[in-house]
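Below is one structure, written out as structure tokens, with a few remarks after it.
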Amino acid sequence: MKEDQNYKTAFGSQNSRDTHRHEISFPSQNWSLEMLLRRLKAIDARRDDKFASVMDAIGEFGTFQWRLVVLTFIPSILSTFFIFSHHFLLTAQRPYCNTSWILEVGPNLTEDEQLNLTLPRAPNGSFLTCLMYIPVPWDLDSIIHFGLNYTETCKFGWIYPFAHTRSLINEFDLVCGNEPNKENGLTVFLSGVLTGSLLFGFLSDKLGRYPIILLSLLGFLIFGFGTAFVSSFYQYLFFRFFVAQASVGYAICSVSLVMEWLVGEHRAQAVILQHSFLTIGVILLTGLAYKVVHWRLLCLLGGMPMFPLICNIWVLRESPRWLMVRGKVEEAKKVLCYAAEVNKKTIPLNLLNELQISGKKVAKASILDFCTNQHLFKVVLAIGCVWFTVSYISFTLNLKMNDFGLDVYFVQMVRSIVAVPARLCCIILLEYFGRKWALNLTLFLVTSMCLFLLFLPQEPKSTIILTLMLAEFSMAGTLSIFFIYTAELLPTVLRSTGLGMVSLAWVAGAISSVAIFKQTKTQLPIFFCCLCCVLALCFSSLVPETGSQSLRDSIEYNIRDSIEPKDRNKDVPMVIAEESMSDIVADSEVTNTTLNAVTFKPEENSLLNMTLEVPKMDLPVQSLKAQPP
């Protein structure tokens, strides 16, 4: 009896400890369960995706995929020379009126003597930049003895005696009332982004990814390299408009091509690395612009590598997913067999025959489907609102940083150095938290930094600059994550068109940021940043998680992919549990494990109360293989 009491006491204390331990670890078990369900959903989706099966046979990331990713990285690096070069081509110069008329009466005058005799001085003793003494028909001795008294604006142009570089400013004399309007230059660039995103996005879905990538590279070659030969500032703006079109066209089509060739987490890793190399390109551009003294030479150096790149572009292949949705199944088989040959793999014949079945129905879609398809409309509306807020925050932070008057080379270098690790950290975030939670985490960090900026004192400025850098660190990760998220949410048949449409929201956010920041110098723009962060968090919660699931090819969506979270709670867990867990429970190593019951609460109007019991598994998720039914 005493032993029974001791046993009951020990069992009771052990049960109490187990209950206490379970209560403490319940959140982590819920989080692990969520990760498990997400991975099982990806496994279930890949089991039904014939293209994913073919890619498994080819090799998920073999030599062909490496070559594809590298060939898309290189233009991303070079594109920075055309996108961000205006920061260094419009550096401020100190102009003085050209007074070479005095050399006719005093040809042996030095430059300092010439300026001293012909230019008026400011109260602080420096020469005035936009005024000169009126020329007089005197000899040199009379000018030195009596001096000149009457001034006028510069009549014979300007000189730049203290300029160390040759820029657009001193090339086209954009000084003394002829200064370029920065807002106009930004408007030209954003207009190019706007038209290019719509045009190239539409053409990419109609003609294919490969021809539009080739067209974008030709645009870099003609208008980027050709910028070095412009003869006026208006020609420069004209060329910059088409450079913006080529830039956004290449960004949309290259991401679509890479994501449609890769599967699983390789998609996210490739896009993040592409963005990281884009940032590395800015670092290279900054260092080169600091050393190269002539702006035309800088444009030539940035455009020359495009020539050999165009010659090697034939190595790329069209997206097989796009070929399949367009009904070009035989061409899709050819490019898949070519990829398998490069990877030294063999595709089973039965897998290729299965592609024939999916290719009999040609997916038909148009831009009107973004309005007529309810699910697609909700998704595009939500991600468009997030893109607007993200663009507004990004541009406002950049304008706030530029407002401190720091050296442009220092600012661009520090921004780029900060952005590279921020983007690389996103690989880990996406692996462990998924798209939605990783996006929410980075947006929360941006919100925190904006709140700090809102309440920080204006002095010392070093504290504000540090906070701005931390905010830009978080924003760099947000942009990469959400770009991947957006591309995965859109179907293959309208992926490029959808990316082009959400670019409208990005342009609208940029214009709003510039307009608000220009009108006020208070903390109002930062307050709007905080508000935009909250709105972005709200809208991002409306879109479904994509994780490592297979890309969608058509606009036909399942009910379980509804955008409403409450509907997902009803459908997704039950579907995944019924289809995937039945095979896992059958494993002999799992049948003896403890069961953890997780109950999903139904809505008030539900007819049945559903309870999902998920086995607690000691095996890693990667070792579980679902058997086909």
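Glycine is no exception: its Cβ is also placed from the backbone N, Cα and C atoms.
Membrane topology taken from Swiss-Prot puts Gly405 and Glu431 on opposing sides. Swiss-Prot gives the label N-linked glycosylation site to one of Asn30, Asn149, Asn592, namely Asn149. According to Swiss-Prot, of the candidate residues Asn98, Asn440, the site noted as N-linked glycosylation site is Asn98. From Asn108, Asn124, the position flagged in Swiss-Prot as N-linked glycosylation site is Asn124.
Candidates Asn116, Asn609 were compared with Swiss-Prot; the annotation N-linked glycosylation site appears at Asn116.
Cβ atoms under 8 Å from those of the transmembrane segment (68-88) belong to residues 167, 185, 189, 216-217, 220, 223-224, 227, 240, 243-244, 246-247, 250-251, 254, 257-258, 261, 270, 273-275, 277-278, 280-282, 284-286, 289, 295, 298-299, 301-303, 305-306, 309, 312-313, 315-317, 408-409, 412 of the same chain, restricted to positions at least 6 beyond its ends.
Just so you know, of the glycosylation sites Asn98, Asn149, the Cβ with the fewest other Cβ atoms around it within 10 Å is the one at Asn149. For the glycosylation sites listed here (Asn116, Asn124), the lowest count of other CB atoms within 10 A around the CB belongs to Asn124. Among the glycosylation sites listed here, namely Asn98, Asn116, Asn149, Asn116 has its C-alpha nearest to that of Asn124 (N-linked glycosylation site). Annotation note: Asn116 (N-linked glycosylation site) sits in a helical segment as assigned by DSSP.
For the topological domain 'Cytoplasmic' (431-436), the list of distant contacts is 35, 38, 265, 481, 484-485, 488, 540-541, 543, 545-547: same-chain residues at least six beyond its ends, Cβ to Cβ under 8 Å. Below 8 angstroms of C-beta separation, residues 86, 168, 172, 174, 180, 184-185, 188-189, 192, 223-224 of the same chain, each at least six residues beyond the ends of the topological domain 'Extracellular' (231-240), sit close to that stretch. Rounded to a whole value, the Cα-Cα separation of Asn116 (N-linked glycosylation site) and Asn149 (N-linked glycosylation site) is 13 Å.
The highest tally of CB pairs under 8 A with the transmembrane segment (241-261), across 184-204, 210-230, 437-457, 524-544, is held by 184-204.
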